[in-house]
């Protein structure tokens, strides 16, 4: 037994200078752990609700109410429970909140407690977090989906697509994939400089040049890959996070690259891109409630490319179940703060994998030095992780943790590589 004895919380800052919640847990055997909660810039309508203070302090974004929720309600609800009984702990958290969207105590308060308990239990068990959560077979290192060019809500430019990513699919190890990604990142900076484009950074460490559109951005990245001596499509593939909900409105549809488009027109554009570039993944290509559009797009190109539901599914097993029944998307983006507890996150991943959906573990644009998602990516065998460019310490912290995990696993480690993606699975 490893009984939860004390629970504490504080307000800290995330990578964008906004407040977030950090929770600490002490067990009766002396084991101690803390967890910090991320937050997003582009958030889905169906996400669990963060508790923010409002008012003038921190522009209304303070989290003193969430901290107080941890201290006054969450702590009494979980103190005395065995920390290794994660499902019991998380159910106690859900019962204490009592709302379907976690809006009373706040998903940020609940998640901080949930993750801190898991970390403390791992410490008490003498196991790394990935091993504690994932069991004896956790051994697959994810492909890093590096967001090296930022647009949309992550940058103050005219580029509508939110993230342009590189995926080092041809590497033999995670260590090699990280090096390849970093080399492409630095090569892209030199390409941008040569063309007189800005090299300032967006929220997630990627460059934020004001380029003409999607194809120009993909072309710039393709040139950067070639500049490193790596082979586009074989060594390094491309991926997008469109975040289409950000430019969709009822009545006018998708306002994209200067014109209003229908779901069918957006789908035709994606089909054209997938044929022209080695794109392995497109996240949120359509609005979070455009189920008909998603189903049609999945039928059209789902056998060629990974179609990832982020705002569509919000890591919620009920939303995912609906998507599976309808045949919408073929992959789930996993963000722990969208759903609010570790148990619900693991349930969503399990549901996805049992139904043939791929999963991609993900950070948020407002991150901290917390490395939990690196361990979770290995624990659940997701095969993919999205945690920004190889720049800014809150992003690099996750990559460095994966290096440690790969080293820890030794000969047992396996890098997911190209088989993580439907494009290659369908090609055989």
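Cβ atoms here come from the backbone N, Cα and C positions, even for glycine.
The active site, proton donor annotation in Swiss-Prot covers 204. Mapped onto three states, the DSSP output places residue 204 (active site, proton donor) in coil.
Its own atom aside, the Cβ of residue 335 (active site, proton acceptor) has 25 Cβ atoms within 10 angstroms in the protein chains shown. Annotated active site, proton acceptor per Swiss-Prot: 335, in sequence order, evidence recorded as sequence analysis.
Residues or ranges marked as (2R)-2-phosphoglycerate binding site in Swiss-Prot: 162, 335, 364, 365, 386. Reduced to three states, the DSSP call for residue 365 ((2R)-2-phosphoglycerate binding site) is coil.
Residues annotated as Mg(2+) binding site in Swiss-Prot: 241, 283, 310. Counting every protein chain shown, 28 other Cβ atoms lie within 10 Å of the Cβ of residue 241 (Mg(2+) binding site).
Counting every protein chain shown, the number of other Cβ atoms lying within 10 Å of the Cβ of residue 162 ((2R)-2-phosphoglycerate binding site) is 27. Other residues of the chain with a Cβ within 8 Å of the Cβ centroid of 241, 283, 310, the Mg(2+) site, are 162, 163, 240, 242, 243, 282, 284, 308, 311, 333, 362, 386. Other C-beta atoms found within 10 angstroms of the C-beta of residue 365 ((2R)-2-phosphoglycerate binding site) number 23, with every protein chain shown included.
Counting every protein chain shown, the Cβ of residue 204 (active site, proton donor) has 31 other Cβ atoms within 10 Å. Maximum intra-site Cα distance, (2R)-2-phosphoglycerate binding residues 162, 335, 364, 365, 386: 17 Å.
Cα spacing between residue 310 (Mg(2+) binding site) and residue 335 (active site, proton acceptor): 8 Å, rounded to the nearest whole number.
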